[in-house]
Ligand SMILES: Cc1ncc(COP(=O)(O)O)c(C=O)c1O
Ligand SMILES: Cc1ncc(COP(=O)(O)O)c(C=O)c1O
Ligand SMILES: [Mg+2]
Ligand SMILES: [Mg+2]
Ligand SMILES: [Mg+2]
Ligand SMILES: [Mg+2]
């Protein structure tokens, strides 16, 4: 079958070059005489992959030396528990800024562990914006402030950070490597790989080293960040193929000119799509302009039937996985790093064409 | 580079046919127009992969309908904690039979959760055998009895099960699908995929359904088996590519004639290798004959220097990853399902040739 244009929110489209490179190496990787799928995680061949991947991520995100990089299993969802289990100190609170379903899930897990506080939420506004952060104050005994930097489902993104002395922890699953940020503004950044980084099954954790080593006794060994930092992600068998694929994705980003160039492309793609939506008389964006995500673009018509008709219309043009999340409805186009401008143009073209047929 | 013969204990050799099939489909899988790496876990295309993989495992292992099959993240190592967190009831004990480093690690995590008891151990014997199980008695209020069915490091395997009314839980990471067993003898069987099943990053859990649903409140959602059984391994993003690869491995086993034929091959390979070791005047097996693993075969000479010389000798013949685990020393040949008889013959030939050079 011809290659289709895949707007999935994750696992999501990967660059054809990266897939072809992985394909060409799948039986014999890096001239090792075996596949990366068969490499012992303790072998030189794999340790080289691991260390190169880590170094390249450090370079591309400009990660300071006092931050550790981990490749873990369990998805961002397991981080929702690992974060409070490791970092929520006794007699302290964890603050959550609630901007969508993922932050709600993160909060739910933290509540099982200790004291939490919601310092801002845009729930009353159906999460159509990021709450005003200039107003909020944070108490003194906070272990951390948790944000969802890009809201995959609702299509919003943080452009400012809350003011706080506590470490800010960012679930950046759907934003990582999409734009330049200052890592040292955060105590920890984490991301499931299956959007901008690679296949599902690897979670990248970037954590400031002073936050490690304070977990309570009795915490399961596998849930303690210290276990994995001490062993350099090799305490047990890591998801080796996923780490290898992240390496290929990072090399591809590097070859384009790094995150700066990727951000330029992402802004270009997102502008085009939002303009098309805003200019359209039938499609509209539910999201406040200033807070619109560069990665996940929800849009709707005024009727469920018209939404459905558009989804069919688009699918016939090989534009797939455009259905919005069930909690939001309508359409959602996820346009991660791997999505070329040309594919966004095809979507915009289809939207205009569909609008014509509706006249 | 020419393909080498890879005796790694895991991640380990995969059948060349399986790798070539994965390679041929890597850019366009099952004619979906995208790679399996890019498929949404909620897509029809992926749900078909998931359901086929599960069905085929059920068929090959003859898993009764009252057992659930889960594909989780976190490796067997995370199961060491999930098992007691889910199954160790209040006022009950968990019994562990200690047969090597992996059972010790499993016990260590259970101790953090509740009351444990060691009902048998072969530690005083450096784990060269499985302890005599006919003698042991289990108390009445046991939540489960945990065994390590195949000891990857020490090269032993259970051929009898302890007598108990409590559910037996088997860490079968290095044994799954290597020989026929009766699943209903167990409450739960679990295995990291990276030996007989596929790439690292997926853990298969086969669990009797009456054991599910008794976890204490407050357990992190991701650590509760019920979360994953209710959502059919789709509570969050599963390791999609790993599940796909397991599917290909299972199809390969099926094409050979199923587990019965695979077991016949494994017994043939293991016999050949143990005979070569036993007949050799310089190599010997540390393991008691009746308890020898079909999958992991440790062997030694009388000196560290000769061991090292042999490892070099073998590597020159493209026989790699034969170094024993650091806790045991010497050599270890892991000869999982994917290893053809011919490769074991090459190893045996190299051992005899090396012995000649030593005369
Ligand atoms: C922002 C965000 N957080 C968390 C998750 C959950 O990640 P996972 O499914 O890998 O656990 C997702 C997406 O899937 C996400 O988009
Ligand atoms: C018997 C056994 N149990 C547990 C493990 C740990 O598995 P993982 O590294 O996937 O956590 C292994 C091997 O790696 C093993 O051989
Ligand atoms: Mg969200
Ligand atoms: Mg409009
Ligand atoms: Mg062992
Ligand atoms: Mg001998």
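Placed from the backbone N, Cα and C atoms, the Cβ positions cover glycine too.
The pyridoxal 5'-phosphate site in TrEMBL is built from A:76, A:77, A:102, A:152, A:171 plus one of A:55, A:129, A:135, A:194, namely A:194. In sequence order, A:9, A:10, A:11, A:12, A:152, A:173, A:174, A:176, A:295, A:334, A:336 are the residues of the chain that are 6 or more apart from residue A:195 (N6-(pyridoxal phosphate)lysine) and have a CB within less than 8 Å of its CB. Proximity to chain B (Cβ-Cβ under 8 A) holds for A:77, A:194 out of the binding-site residues A:77, A:102, A:152, A:171, A:194. The C-beta environment of residue A:42 (L-glutamate binding site), restricted to residues of the same chain at least 6 apart in sequence and closer than 8 Å, consists of A:234. Averaged across the domain 'Aminotransferase class V' (A:4-347), the predicted model reaches a pLDDT of 97.
Counting only same-chain residues at least 6 apart in sequence, those with a Cβ under 8 Å from the Cβ of residue A:77 (pyridoxal 5'-phosphate binding site) are A:105. DSSP assigns residue A:102 (pyridoxal 5'-phosphate binding site) to a helix. Look at residue A:76 (pyridoxal 5'-phosphate binding site): DSSP puts it in a helix.
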